[in-house]
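Peer 1: First the structure, then my questions, so here it is.
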Amino acid sequence: MSVPLILTLLAGAATFIGAFLAVLGQKPSNRVLAFSLGFAAGIMLLISLMEMLPAALAVEGMSPVLGYGMFIIGLLGYFGLDRMLPHAHPQDLMQKTQQPLPKSIRRTAILLTLGISLHNFPEGIATFVTASSNLELGMGIALAVALHNIPEGLAVAGPVYAATGSKRTAIFWAGISGMAEILGGVLAWLILGSLISPVVMAAVMAAVAGIMVALSVDELMPLAKEIDPNNNPSYGVLCGMSVMGLSLVVLQTAGIG
């Protein structure tokens, strides 16, 4: 099994961490969850704009028109899908003030899981594509995706467990959304594994960079603000950028990057 695929599997499996935290009663504070989402957004923004897009444009045979065009396609494609898909978020369950009936919350969990899964599918592709092109950047994306998945698993599993009393059911529904990312990575492995053209890989990477920027701005940062309205998610974003930037410098200085 390839290292990029393993990173994708680990990132998707992070959903189970949130699910287990929910059923074990060790729920992190909203402040921690919001900071982790901002941190993840910072990692994605820095890698996408400072590493992935420039690396794609630097590939021999890649024209600026194609590179920036694919980046814009990634941006617009994400926003288009985001408007078309069921727009359910983890806070839809986290903010419930009344105890719903198990049947009602089960239906809500299904819709929420469907929405999250459809949104998470491109993240699996992004993790695999990035790691295939540059393992160092792929590790950063995998970390950001994993941080994003923990609150999602927590938000889905917690209310389901409270309503049904079944840890297995709660973990099951939370795990489905993580499996969507794993599926995305597997499909990318099967499809892109046979494409050897550097230009094709660079074009895909530019589009993925656009997707990650849109995800950070449209999903992670607003969600962080909703979970913890009293704190500015920009602090998490700046910390994520700083930590990722320093780690890239260290790795490149050591000759790893």
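Yeah, the Cβs are placed from backbone N, Cα and C, and that goes for glycine too.
Reproduced below are the annotations present in Swiss-Prot:
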TRANSMEM  5-25  transmembrane segment
TRANSMEM  32-52  transmembrane segment
TRANSMEM  61-81  transmembrane segment
TRANSMEM  109-129  transmembrane segment
BINDING   ASN120, GLU123, ASN149, GLU152, GLU181  Fe(2+) binding site
BINDING   GLU123, HIS148, GLU152  Zn(2+) binding site
TRANSMEM  137-157  transmembrane segment
TRANSMEM  182-202  transmembrane segment
TRANSMEM  203-223  transmembrane segment
TRANSMEM  236-256  transmembrane segment
Peer 1: In DSSP terms, helix, strand or coil for GLU123 (Fe(2+) binding site)?
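Peer 2: GLU123 (Fe(2+) binding site) sits in a helix per DSSP.
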Peer 1: Go through 5-25, 61-81, 203-223, 236-256 and flag the stretch with the largest number of C-beta pairs under 8 Å relative to the transmembrane segment (137-157).
Peer 2: 5-25
Peer 1: So which of the binding-site residues is most packed in, judged by how many other Cβ atoms lie within 10 Å of its Cβ, out of GLU152, GLU181?
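Peer 2: Of the binding-site residues GLU152, GLU181, the highest Cβ count within 10 Å belongs to GLU181.
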Peer 1: Please indicate, using numbers and ranges, the residues of the same chain that are 6 or more beyond the transmembrane segment (5-25) and have a C-beta under 8 Å from a C-beta there.
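Peer 2: For the transmembrane segment (5-25), the list is 120, 123-124, 127-128, 131, 138-139, 141-143, 145-147, 149-158, 161, 167, 170-171, 174-175, 177-182, 184-186, 188-189.
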Peer 1: If you skip the near sequence neighbours and keep only those at least six away, which residues in the chain come within under 8 angstroms of ASN120 (Fe(2+) binding site), Cβ to Cβ?
Peer 2: GLY12, ASN149, GLU152, SER177, GLY178, ALA180, GLU181, GLY184
Peer 1: If you measure HIS148 (Zn(2+) binding site) to GLU123 (Fe(2+) binding site) at Cα, how many Å is it?
Peer 2: 10
